[in-house]
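Copied over from TrEMBL:
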- ASP171: active site, proton acceptor (ACT_SITE)
- GLU34, HIS35, THR36, ASP37, TYR223: substrate binding site (BINDING)
- SER68, GLY121, ALA122, GLY123, LEU124, SER125, SER126, SER127: ATP binding site (BINDING)
- SER127, GLU159: Mg(2+) binding site (BINDING)
- 10-57: domain 'Galactokinase N-terminal' (DOMAIN)
- 92-177: domain 'GHMP kinase N-terminal' (DOMAIN)
- ARG28: site 'Transition state stabilizer' (SITE)
Amino acid sequence: MLDLDALRQRYLQVTGSEPEGLWFAPGRVNLIGEHTDYNDGFVLPFALERKAGIAAGRRDDDDLVLVSLELDDEVRLSLDALAPGQEGWSAYLAGVAWALREAGHQIGGANLVMSSDVPLGAGLSSSAAIECATVSALMGLYDLEIPPMDRAKLAQVAENAYVGAPTGLLDQAASTLCEAEAGLFLDCRSLETRQVPLPLAEQGLEILVLDTKTPHSHVDGEYGDRRRSCEEAAAILGVPALRDVTDLDAALAQLPDETMRRRVRHVVTENERVLEALEVAKAGELRSLAPLLDASHESMRDDYEITVPTVDLAVAQARRSGALGARMTGGGFGGCIIALIPAGEGDRIGQEIAAAFAEAGHGAPEWFSVLPAAGAGRLA
Ligand code: GAF
């Protein structure tokens with residue numbers, strides 16, 4: 001839980017005055033639709049209660065004073081000196097100020113004191129939460145009117161162009177646009193969205209999130225490699241993006257190597273699974289999501305090759321322990337799994353996965369149950 005009093009206190013200590021407001025943006029889990037966003041495909045995430053919060057106020061000068069409560073660190077930067085390629089935690093906030101100015105929005109200096117309870121590097125969009133909270137805070141401070149999808153896109157510019165991680169729009173769209181008790185269906189080409197009710201509790205279900213504690217990063221090469229491979233395949237197939245592949249077998253027959261064929265198979269089948277999941281959710285039969293989650297995991301493991309042993313073990317043990325379906329969530333190479341489970345079974349299933357980890361010589365995982373929460377906004 002975010003400690004709002006601690007945020008306020010720290011703001012007061014740093015600046016000598018009360019913040020003008022507190023803004024937040026949540027982390028997310030992706031229910032299904034992994035590595036489809038940058039292929040112009042479909043995704044279905046929902047927002048978490050865990051969030052990044054920012055206590056914010058304007059400054060008289062053109063400086064950004066950025067403070068992280070968790071890291072106990074303070075960074076001061078001049079707006080005019082912001083330049084892509086900056087490293088460290090403060091780049092996620094500074095990048096948003098930079099992106100806003102690049103897009104022509106008028107902002108001045110700001111004190112931004114942040115805190116987050118989204119686990120870092122766990123595949124739950126800790127960076128998008130910080131970026132989207134910063135967008136909300138700077139909009140609030142400087143009275144900017146920016147439609148929600150454009151806010152998400154600005155946060156994505158911060159991540160891609162400033163921080164240097166070649167990600168798609170999934171995380172920032174989820175953090176900005178999600179609504180409580182619903183998943184967000186997003187067509188990443190048309191940017192059409194649809195709120196999809198997910199009455200998990202009513203159906204005696206919950207989603208367990210288990211952090212394998214195997215950290216990952218999107219600035220590293222593997223994410224970019226997957227993306228490049230998809231773009232190369234689309235070029236060979238003569239389509240704008242893998243979203244446009246309509247006959248999978250015919251497409252696979254045209255591709256030169258087995259690795260590329262596997263990558264394409266993942267993206268094309270994953271898009272189909274998101275569309276099926278949307279239908280299942282629209283029909284209100286949430287248990288029927290389970291086989292889609294399982295198939296998504298197998299596709300990420302065998303075709304996209306983005307899972308790691310801890311993640312595969314967690315998914316397999318979740319199923320053995322009674323999960324209806326389970327999959328890795330997020331960019332991959334570590335991070336979290338999600339499991340669709342009967343309500344109230346989270347602790348037992350988490351304990352059993354922890355026991356399997358101990359037996360395999362892995363460190364202890366952490367877990368918590370989640371329900372779909374609201375997207376970015378003002379806290380106070
Ligand atoms: C990460 C990226 F940031 C997203 O854009 C998306 O590609 C995801 O990995 C994989 O689905 O979270």
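Every residue gets a Cβ built from N, Cα and C, even glycine.
All TrEMBL annotations are machine predictions without curation.
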Scan ARG28, GLU34, LEU124, ASP171 for recorded positions whose C-beta lands under 6 Å from an atom of ligand 1 and note them, or write none. GLU34, ASP171
DSSP residue counts for the domain 'Galactokinase N-terminal' (10-57), split into helix, strand and coil: 9 helix, 28 strand, 11 coil
If you measure between the CA atoms of GLY121 (ATP binding site) and THR36 (substrate binding site) and round to the nearest Å, you get 20
TYR223 (substrate binding site) versus recorded positions ALA122, GLY123, SER127, ASP171 - nearest by Cα: GLY123
Out of GLU34, ASP37, ASP171, which of the recorded positions has the smallest number of neighbouring Cβ atoms within 10 Å? ASP37
Quick check on the domain 'GHMP kinase N-terminal' (92-177): DSSP residue counts for helix, strand, coil, in that order please. 51 helix, 7 strand, 28 coil
